[in-house]
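In what follows, a single structure is set out as structure tokens and then discussed.
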């Protein structure tokens with residue numbers, strides 16, 4: 001990787017992590033930095049962005065950022081948005097092709113992470129998009145995970161969307 005590419009990746013990732021929409025736009029449009037350029041840590045701007053800023057996600061995705069880029073542990077931006085509870089950002093990612101059925105390195109789908117963290121609105125959104133029969137590395141479906149946590153509201157949401165396998 002060229003030093004200037006790393007520098008561009010650091011600048012774009014830094015602006016995305018700070019939530020600096022204007023700088024992200026300037027780098028993408030004026031300096032023509034590729035949205036998937038890697039920073040010095042091997043991450044893209046979409047992977048390190050401020051997840052509370054769906055505008056940043058939208059700008060990067062409109063310019064061609066991959067919504068399904070995985071880090072070394074298999075985590076995608078959708079996993080991060082679900083884990084941290086940023087529903088608006090997650091919706092933008094899904095609208096631009098994020099695969100909510102891609103497991104991370106622990107076998108967890110984004111919905112598993114949302115259940116684990118107790119993000120009701122994220123679980124409700126993902127319940128219609130996710131494979132609710134998928135088991136993580138511990139062998140649990142999202143519903144079983146919610147049951148183990150004693151999270152009745154999450155269990156109710158998941159039960160409404162779970163169809164018995166044939």
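Glycine too: its Cβ is placed from the backbone N, Cα and C atoms.
Per Swiss-Prot, the feature N-acetylmethionine maps to 1; the stated evidence is similarity to another entry. According to Swiss-Prot, the repeat 'ANK 1' annotation covers 41-69. Annotation source Swiss-Prot lists repeat 'ANK 2' at 73-102. The repeat 'ANK 3' annotation in Swiss-Prot covers 106-135. Taken from Swiss-Prot, the feature repeat 'ANK 4' covers 138-166.
With a threshold of 8 Å between CB atoms, the same-chain residues lying at least 6 positions outside the repeat 'ANK 3' (106-135) that come near it are 73-74, 76, 78-79, 81-85, 87, 90-91, 94, 100, 141-143, 145-146, 149, 151, 153-154, 157-158, 160-162, 165. Same-chain neighbours of the repeat 'ANK 2' (73-102): 46-47, 49, 51-54, 57-58, 61, 67, 108-111, 113-114, 116-117, 119, 121-122, 125-126, 129-131, 134, counting only residues six or more beyond its ends whose CB sits under 8 Å from a CB of the stretch. Across the repeat 'ANK 3' (106-135), mean pLDDT in this model comes to 98.
The DSSP breakdown of the repeat 'ANK 3' (106-135) into helical (H, G, I), extended (E, B) and coil residues amounts to 16 helix, 0 strand, 14 coil.
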